[in-house]
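Quick look at what TrEMBL lists:
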type: BINDING; residues: A:140, A:141, A:142, A:167, A:183, A:187, A:336, A:340, A:341; note: L-histidine binding site
type: COMPBIAS; residues: A:356-369; note: compositional bias 'Polar residues'
type: DOMAIN; residues: A:4-60; note: domain 'WHEP-TRS'
type: DOMAIN; residues: A:71-433; note: domain 'Aminoacyl-transfer RNA synthetases class-II family profile'
């Protein structure tokens, strides 16, 4: 043990030097990222080797660890029942808005993902090189979607996709931050008139989050062109725009003073410039914010600001028709991390009930001090972060198309896109927490076939067969002679609402007892006796 | 290029030597497998490097290849529509039989998969070691299920799982053999009375395959204990049982002469022993085969044969009650590749219509010469192989439990399991091929909102909002002033059955036109005019 940790410490030291050298020599970004990833991996290994990992201890005898990989989990039947219901709700809304679904492989050629995720590229999972192509697990559904659109020469599509994505991030399972997690994406690709699909994406978000039991929410909006204009007129140097933008994005978690400090002390921005940014990004409100922005001559001198404000004006017109004005907040502090956004951006966050629905303009301070609204919500839910987010990305498909035309030198024709992604694990955490107390039915079994005495296995099989043949979900005990109580217990455990009971007498008389297992009334104990030939019809009356 | 291929050839030579040495020194099987995998990988690379791979050529300019990884594919919206329908049918039957669903991660700790798949272990995809744990993509759903059951101390569960699995096999896409593909598994875990869950698994298969549009099928049955007895009484040496068993398994593709040759020439089995096996494995039939087996004193002297035959007698009793006798064929040549089976095994195969339903005993020769039954079925479908398969595996969970108890030394309590897995990609290939001619509707849009003139974007938005609010799937053109014809075309392209039309006149009069877009009757051109306030009610009448 000591040897191994010692060896790892040495390796970490060496790799640390390699990374420092790469950075010093301004090496290719990918190279640096890979170096850093390797370093982090070695540190992980050291942590495990030195016994600093509760969930990963090996059974000393067999050498086999019975667990799922770090940052992943199994979903039990009851958990799946809740998650499936969430999916059903989401898909229902997606389909109501005309979306079709596609499927893409869980891994992509490594090159497809390269250069799409900025600093986060180091979180990509690679497959081992076992010969053939170099592949990586998908990091999101957006890049594979853009690849699919470009590869197939698609001009327009409205698609949804619900699938798992993979990130080698530090997991925080209770907050729903996992290494393997589902995303539910809805995207509209195609050249359309401005802001029509954009407004529909936000409408889709409002429909879905209203239908799901997540509590009060608000959708923050901003526009990349307005943000760019703010940085421009504030005097942020070109090469600092991205890093300053990600500092701004932290305003939902940190007070302005901390963000300002990050800008000036960590990122070397001039204090005067930071303060100028501060006056802008603290602005938030509803439609009326448009007028306040238009009244800022310095900002509006920028063509980008004019374009962004014109877009947002159109957005608010459409949002009014879509009845979602009370759900949106125009918020200058919203920046979003990903590089590929080019227009409107949005992010759905949970808010305190008091802010909803008649006070839809939370300030930065309000959202950052959000507290659990009842004892049901535990600490893990307080900072659940955004539960849906997205925006317009007009150039991503074009990046792939450019490579496709390549030597042919055809002219560039982008396929503009706008979309939204739902963080279903977070939604699931919230919903599951709320449901904790209730009984969750994981199966769909409607009828349990019970023998009162004598086993009667074959008779139970015959009844089940008849029920199955008639589309009724039915089960029975897999025993030749099951005890009556154990059959009742099975109904209780699986929340099965109806039972068909037979004994020797019933078989002889050609009848069965139908019993409502949901009602715990002892007087109803005997249930209703019906003719065997009418059993299916009687059950259907009660079930459908 | 020449340098690279030269280098690869050298590496292949070296690795070949390594593998030979490993084999010669009788090294650990896992080590040999890894060596072989590396060798195959290098050969793959050489093939690519020497330009021998049509689908993998790089665009010389951008260096980016716009494709999905080898053996994987995207599913388009129409393909997904067909596939989703298949899933719905399958899940419907699983749930009718009381199954719940669970979810497991797409990758497992490498150790979990090790030693479960025999020769096929070399087909497992590993993740790159980026620090932390060593992981592999799941190879099937059975081993993760057994891991889940053992890890959570589950005593009984009836679960289904529909999820992708991964095998670095040589792809044959047209036959539905992919590197990434879905499996649909239904398994019953728990200690029950003999053959009751087993018979239900086969009943589940019959229900599903009858509901899917796959054509005539038959489910071949056999029992591992009977097979073992056959090898025993025929005189197969203990260490050759597994390899001879996999030769037998080829009888659905090869004539007996070829299989005999493999046994004797390749695998060094005594010709007399092979012939003895031959007399047994050529046997097939229905329930009456039980009596024929019982009349073979040499075979029935084996305790294993007695147990197997008793199991199968019980199976046929239950199969009669379940009305599936005409769908099963008791076939001594069915062996199944996987190591973990311990009892009944079964495999569903397609047969010619003439064999169904009154002649349910295909001979080996018949199934091996199956031909397409119409022009619709192309070559790719002829050898689609098994479309569902499974069996009883009583010791797999126990393998994990043993490791869990480990040093604690608790007593061994297995959780016996039986299950069936549907090869949905193959089923999909068949169904998709049959549907080729028909129109497939990929979306669920019920109504398209059309402006006759003047654009009327905001009015169209208002109508769509009202439809969405009432649960009606609706779309409209994302243009301020769309052309009438392009709106009609959208309805046609997406097979949208109803349109709501508005023009300036209609808005003024407070009416809309409802038009059936499915009917191509020109006299109906004008549709039905209804009051705007009755639009939703009128549409609901037509839709629900």
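Each Cβ is built from the backbone N, Cα and C atoms, and glycine gets one as well.
Mapped onto this structure are the features recorded in TrEMBL.
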| residue | record | DSSP class |
| --- | --- | --- |
| A:140 | L-histidine binding site | coil |
| A:183 | L-histidine binding site | strand |
| A:336 | L-histidine binding site | coil |
| A:341 | L-histidine binding site | coil |
Q.
Need one number for the L-histidine-binding residues A:140, A:141, A:142, A:167, A:183, A:187, A:336, A:340, A:341: the maximum pairwise CA distance in Å, whole number please.
A. 21
**Q.** residue A:140 (L-histidine binding site), number of other Cβ atoms within 10 Å
**A.** 19
Q.
Counting Cβ atoms within 10 Å of each candidate's own Cβ, which of the binding-site residues A:142, A:183 comes out highest?
A. A:142
(Q) Can you give me the average pLDDT across the domain 'WHEP-TRS' (A:4-60), rounded to a whole number? (A) 63
